[in-house]
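What Swiss-Prot says about this protein:
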ACT_SITE  HIS117  active site, pros-phosphohistidine intermediate
BINDING   LYS11, PHE59, ARG87, THR93, ARG104, ASN114  ATP binding site
Amino acid sequence: GNKERTFIAVKPDGVQRCIVGEVIKRFEQKGFKLVAMKFLQAPKDLLEKHYCELSDKPFYPKLIKYMSSGPVVAMVWEGLNVVKTGRVMLGETNPADSKPGTIRGDFCIQVGRNIIHGSDSVESAKKEISLWFKREELVEYQNCAQDWIYE
């Protein structure tokens, strides 16, 4: 239902290029609910756990270096089909394949600098959320706009 959650992170290049507010704005305007957010320099061990499935890829060392090159904004968003819809809002992993109107389609050019991460499934969202956030950092609250967003 509308309690599904996803993990969204603005990567170091997105932070440096000042698109954090734009990302938050788009998720808010869509009607999703912000559940958690933190600004941090991600430790290498956290990034290695986050990207463990890519550890055998040739680009892996560059990916870890890029993701630890500056601070990131880690967020949890909640709402109906938020994982799938969030991925559509982000655009394709490769910005060259992303349509205008998507975050990557509007703000980036190259796959190695694709400014944002979004969970690719409900399962990976659960894993990523528990990796980046403690349970008590996920805020439970009633958002009064929800009645105007869902039937």
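Even glycines carry a Cβ here, placed using N, Cα and C.
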Largest pairwise Cα distance, Å, within the listed ATP binders LYS11, PHE59, ARG87, THR93, ARG104, ASN114?
22
Whose Cβ, among the binding-site residues THR93, ASN114, has more other Cβ atoms within 10 Å than any of the rest?
ASN114
Between the binding-site residues LYS11, ARG87, where is the Cβ count within 10 Å the lowest?
ARG87
Looking at Cβ-Cβ distances, which residues of the chain lie under 8 angstroms from ARG104 (ATP binding site) while being 6 or more apart from it?
LEU90, GLY91, GLU92, PRO95, SER98, ASN114, ILE115, ILE116
If you count Cβ atoms within 10 Å of the Cβ of HIS117 (active site, pros-phosphohistidine intermediate), leaving out that atom itself, what do you get?
20
Taking only the Cα atoms, work out how far THR93 (ATP binding site) lies from HIS117 (active site, pros-phosphohistidine intermediate), in Å, as a whole number.
9
Cα-Cα distance linking HIS117 (active site, pros-phosphohistidine intermediate) and ARG87 (ATP binding site), given in Å to the nearest integer:
9
Please report the distance from the Cα of PHE59 (ATP binding site) to the Cα of the residue listed as 'active site, pros-phosphohistidine intermediate', rounded to the nearest angstrom.
16
Express the distance between the Cα positions of the residue listed as 'active site, pros-phosphohistidine intermediate' and LYS11 (ATP binding site) as a whole number of Å.
7
If you draw a 10 Å sphere around the Cβ of PHE59 (ATP binding site), how many other Cβ atoms fall inside it, taking every protein chain shown into account?
11
